[in-house]
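Peer 1: So that we are looking at the same thing, I have put the structure below in structure tokens.
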């Protein structure tokens, strides 16, 4: 079959197009629940966090070209998602809120670079429990009558929760179930009055109820949550007429006095409606018959007396007042009754009155001596008090108004009339010197009357003085200072004593006494103390005096004060040298000292300064002005230098030195000082020579030093002998009557080496054991026929040793008494002096026993 040329052309072009065509890409549709594809039927919870990956766009291209993904939104909507163009990952960029926007419309597209395919998708936003219940139509205020029956519905609350499912369901309950009169239906929100509960306007006019609305709970951000809300329901109680009238100010008492006029108001009864929300009008009336004596105003409740009190026959009237509420239509309502007591009383129209001997009197005067005995009655006061009223109106109290605790009034309570007695309570307070006039008010005041009538009377007491005070000095001691050169009769100090008494009792006489009062006199009237006319004061002899001064009144009452008189030193003594001409020996490099004394008592009068007034030549000596030390000048260091500056070439000088005190005016004394100078070579000739040279100027010093040395030697000898005797006597190793003569062994030196007394071996003492014979009757171990033992030779002197080892290294001696003693059992003595002394004594005693036979010529 042949084709037309045109058809062949079209067919050729179609083949070329098919060879060059590019097909568009498309999304995968993976269905519900898939998280990749074309977001068909995709839903997302509203609590998904911002920034979360929520979906992946996924598609394909027939040619396998690279794909890019896009998402866009309507201009009026939010851009909730963003997409990664290369991989199609969709991210949440805005918070979701199902209650505001439950679905999101978006346009997703896929492109291979040449072809773009777009689709409109709807994303559903699913609910999360993110909303709390919210009460509507607040505030909740309800008015409820107080007679509402129990169990009645009062009010209904309503709360909404925008969530769906269980998170949107709301239940209700009361926050405080135990203290409320109300109950709440949990599903409907209806508020009811509890069974058995009642409202009372008079007790509580309003109730405040807290209601809680709670949702059913749900998931939020992966957790189960429950939300709630609260509101307050105010229940105002409406008053109803259910309470009887109430009286105010009960009980009611009234008084009608003797001068009350007919028609006068006695008292007013007040009643109010017990229902205060809507009170009714009140009417008053008297129930019982009052014999036409009283009437009451029906609207005000005022009770008035209709007759004169003089016409009344009873003292007490008991009335009963009834009140009635009047309802709004005018019909009578609730009623109440109250008793009223009215007493007819006598008028209290007479105050208490004071009377003297001549009638009514309001001032009483008396003169008395001070300090009367306690409990004394002021008999000079004749006072009577009276009240002309009767009964309770005539009862009154008495008291004194003024300085408290001085007087006491008797009686203190009076009925009608009494004699007034005033008694002394505090005698010490009645003192003429403190107050010459005592003034009181005697007060009488009624006790049981409302008027409290009272009256007063002045009590004036003039005090008379007695001698009840002791003169007292203005000070317990007086201190005076006078110069020692004050002439006789000079004033020292004036003492003052005061006696508060008046007249002759207040005059004071002064006198002095004491060991230090011999040089002083006192003026008996003025108290001026002055020195005796012949007194010569000397601070150097006695610088202080103290004595007592006495102030005495005419009755012999007195007091004492102590006077201290200090003599002020006056520069009245010259400095005095021991000798006007003195001789001193000076060793080169060592000063000599002169000394002068000033007999003045105080500084600076007794301070002495020294100076050299004349020396020839003048450049040899210097002197310390304060200590009196004289030394050679620093340029003179040897006797040769002295020899060169002296014309005579000897080493003796004569100086004129001056001692001057620091008083004002100053006194001075001079003395001639002869100085012999020697050097240290002369001093090195021997210690004794040096000592004699140093004491050349004062030979008594040398005598005193030598005497002191001898006394010390004698004392040491006596102590050593005594200690040795008592040690030997207590040890009982040598009998006290034994005398042992020991020959001198050789002309060897009489020294005992220290090493001989030290035993370095423990067994060395055993060879000195002494076996003693038993003592005879006269405690003498000598042989028979011996009468007088010969004199024992002196022991060699002890070796020289340090003072710290004298007690252990002294050679023991043996001494005895010729007086026989009866034998006695001596306790075993404790070793004294250490093991060295015990060994030494044992050795000596053994030697004495061994040689006793060889020395028969001495016995």
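Backbone N, Cα and C define each Cβ position, glycine as well.
According to TrEMBL:
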SIGNAL    1-21  signal peptide
DOMAIN    42-135  domain 'Cadherin'
DOMAIN    136-247  domain 'Cadherin'
DOMAIN    248-354  domain 'Cadherin'
DOMAIN    360-473  domain 'Cadherin'
DOMAIN    474-577  domain 'Cadherin'
DOMAIN    589-691  domain 'Cadherin'
TRANSMEM  702-726  transmembrane segment
REGION    772-838  region 'Disordered'
COMPBIAS  790-800  compositional bias 'Pro residues'
COMPBIAS  801-814  compositional bias 'Polar residues'
COMPBIAS  820-832  compositional bias 'Pro residues'
Peer 1: DSSP helix, strand and coil counts for the domain 'Cadherin' (360-473)?
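Peer 2: For the domain 'Cadherin' (360-473), the helix, strand and coil counts are 4 helix, 58 strand, 52 coil.
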Peer 1: In the domain 'Cadherin' (248-354), how many residues does DSSP put in helix, strand and coil?
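Peer 2: Across the domain 'Cadherin' (248-354), the residues distribute as 3 helix, 54 strand, 50 coil.
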Peer 1: On the 0 to 100 scale, where does the mean pLDDT of the domain 'Cadherin' (474-577) fall?
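Peer 2: Summarising the domain 'Cadherin' (474-577) by its mean pLDDT gives 90.
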Peer 1: How many of the residues that make up the domain 'Cadherin' (42-135) does DSSP mark as helix, as strand and as coil?
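Peer 2: Tallied per class, the domain 'Cadherin' (42-135) gives 0 helix, 44 strand, 50 coil.
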